[in-house]
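For reference, Swiss-Prot has these:
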type	residues	note
BINDING	GLN86, GLY104, GLU105, GLY106, LYS107, THR108, ASP494	ATP binding site
REGION	859-916	region 'Disordered'
COMPBIAS	880-891	compositional bias 'Polar residues'
COMPBIAS	898-908	compositional bias 'Basic and acidic residues'
Amino acid sequence: MASLIEKLLRTGDKKTLRQLRNYADSINALEDSFKTFTDAELREETDRLRERHQDGEKLDNLLPEAFAAVREASSRTLGMRHFDVQLMGGAALHLGNIAEMKTGEGKTLVATAPAYLNALTGKGVHVVTVNDYLAEYQSDLMGRVYRFLGLTSGCILANQDPAVRREQYAADITYGTNNEFGFDYLRDNMAWDRNELVQRGHNFAIVDEVDSILIDEARTPLIISGPAQGDTNRWYSEFAKVVLRLQPEKDYEVDEKKRTVGVLEGGIEKVEDYLGISNLYESANTPLIGFLNNAIKAKELFKRDKDYVIMDGEVLIVDEHTGRILAGRRYNEGMHQAIEAKEGVEIKAENQTLATVTLQNYFRMYGKLSGMTGTAETEAAEFMSTYKLGVVAIPTNRDMQRIDQSDLVFKNETVKFDAVVRDIAERHEKGQPVLVGTTSVEKSEYLSRLLAKDGIRHEVLNAKNHAREAAIVAQAGRKAAVTVATNMAGRGTDIMLGGNAEFTAVAELAKRGLDPEENSEEYESAWPAALEAAKQAVKDEHEEVLNLGGLYVLGTERHESRRIDNQLRGRSGRQGDPGESRFYLSLTDDLMRLFNSGAAERLMNSSVPDDVALESKLVSRAIASAQGQVEGRNAEQRKNVLKYDDVLNRQREAIYSDRRRILEGDDLHEKVQFFVEDTIMALIDDATAGGNGDDWDFHQLWTNLKTLYPVSVSADDIIEEAGGKSRLTVEFLKEELLSDARLVYQAREESIGSESMRELERRVVLSVIGRKWQEHLYEMDYLKEGIGLRAMAQRDPLVEYQREGFTLFQSMMEAIREESVGFLFNLEVEVTPAQDVVVEDAAGGHTEHVEPQVRAAGLEAPEKPAQLQYTAPSEGGGTQTRVETRSTGRSGNPAKAAEQDAAKDAAKRPAKKKRR
């Protein structure tokens, strides 16, 4: 079925490719005339195109000239001219598609033309990469093209100061990772002042390695969390003891493949007896189920010295891909606390979600979205259903010459790796470069030891030091090079036969102390000569490596996803170069062991000698079946994550939209008057629900009203004016009380001034929304945790989540209105009126208007938590958690924060010496 959908999605390919080809022809027709432009004239083209767009001309019409300008600018600044297929890829991106372009087709350069064209709108363009290194590298390199044409480029990196981030977003084109863009969106929606905002909208995004970011990493939502209120730590310790009494298979089941657990009837009874409760599954006990499941997972699925280590009384996560300790990272959803309880170490405070969004819903906010990858075809249906993105396969610049050999399968890992080493040794001896892909750090280090034992010089890369790895991968095509890498290592960098001239030139200029931004003119003048020298240096070696058969890619194991296998293969045979690929497999590989044990067992028990390789169709089918199972499971997980987040997303959009308008200075007076009317009418409706005036409880109604605002009219006055209780109508009661509330509100406004009242409204509503939204996220987490149990009652958990989530949202909105009204009427405030002040400057001084200052308890921006935890997808589809410590306790209020910074700076300055 999937293949049929993919075929249907691709029926428009020929038509789209014709359109893209026509664009390329139009750009080619302009090339000669653009070559005659001086540098200044080429730069002026940007202003001309921008003016035409402002006058109403569509970007589609400007595309040929804009792309021609970028092609010429790139030739002059980088010595790189866009091929026709790169122009076609760029046009596909501009039209909002995914451009499927094979490895080595120059995707980084492809992005420059559509980025430039869409930056002409002045609304900003975001180019999204898989790691900080690539974001910074691409921003520096391609920024030279943009600056040449009079545009600015920026780069968002982890741990940048907010002021720096704001400056980067203000650039015409901004590079960064998906996690950084997403977290900035969440932080902006936790801001208390518009001066804290860093992003300026979501106009157009180009996502590099789009399959990795929008597919592999989409199972894990972005979460910012802080220390939770209340003491839940005792439950972790309690359940760590409980699970020691439970037995696997008898009391609970464990699914190692899906990494899930399920408690059986016998286990439930034991837990209920231990805790002294009658029913674990009644609503009041719902949170306990999460503690129980985590305790079982900690016991069965998380192994000490494999998944984590204990150092200095602390549980530290071990990266499954690299084997390195991930300092400062913690498992989320209470899992880390459950492991701490199991190990008997100090249980650190659990976190509460402060803001969250899935990557799917973050990227769906962009007005236009596009992406590039070498391998999108297998997920074409998902790209269309989730993101409404079509996949366009762009032809290669030259025909592919790589030979993909059939898999070799061995009975066990030992003989497989022996064969791998023999193959590498033969290729190395004749000088052919070899790239070896492994699925884990453990395997790459094991192979490294075998190679060292045979005296084969090699490099080992483990997808952590991106800058070093990119440089090594770029040179992995040199003669006799042997590079062992985990599958994700160095991704996004081309392997060029004979070496990478561009990397060599960049390294040479860096050695001379030149920086593309700090010494831009000197750098630009030195670049052509440096690049030419580097090209000459690799040219001879390139020819030699071509004659040796090009790059040989050797996979030591099949990945869970066919795409990752194809990405590894795609490192070889770039730009029509010769190349070869082969996978060496064993029947004990994780994929076979977990997902197709039947086929593996039959072959294991066959009479074929251990050291003889099999080329079996049965094995190929088993591998395809296993990969299909994993891909199906992962797709289902992504779909499920999205379904639940869609419920929260509608609520998030409403709240964040309100917050943004308040921060940007919207007048809230009308909204507040609606709050007042709605809240008072709700109280009246409750009090007058039954009977007529003789039956209504006026005493209770007035008690409730007085908690809301200082009522200046009595119940007796209104009853008397109506002519008695029996003649009093609900409408008359509402009219009188609303009139009274308006008069009281007007009097309060007159006492503090209209401008100050508007500021008070803004601060109060913002404060209440922030607090209530965090409480609501906690409620939604709590609801989601126990919603799966509804299936036991033959109810659809998603439908129940939608229904109850909507009820919770309505309750929250009602509470926001009621609390805001109460604060606005009753809060004691201290007001500094608005004033005009003279500020000295070079011209002698100018007048600035200072907004009124309103101070009251609860209206200051809350202190940022001492620790914020950032949970996000890791490169490759896992989960990573980073803990950010705010040791200074810097205020979230800009004015207060500035005072703190000034005090801190003053404390650092040495005291002036007194003159004698």
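Here the Cβ of each residue, glycine as well, is placed from N, Cα and C on the backbone.
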Position of peak Cβ density within 10 Å, selected from the binding-site residues GLY104, GLY106: GLY104
Fewest other Cβ within 10 angstroms of its own Cβ, chosen from the binding-site residues GLU105, ASP494: ASP494
GLN86 (ATP binding site) - helix vs strand vs coil (DSSP): helix
Other residues, Cβ within 8 Å of GLN86, GLY104, GLU105, GLY106, LYS107, THR108, ASP494 Cβ centroid (ATP site): MET101, THR103, LEU109, VAL110
For the binding-site residues GLN86, THR108, the one whose C-beta sees the most other C-beta atoms within 10 angstroms: GLN86
Neighbour tally for LYS107 (ATP binding site), based on other Cβ positions within 10 Å of its Cβ: 25
Span of the ATP site, taken as the largest CA to CA distance across GLN86, GLY104, GLU105, GLY106, LYS107, THR108, ASP494 (Å, rounded to a whole number): 15
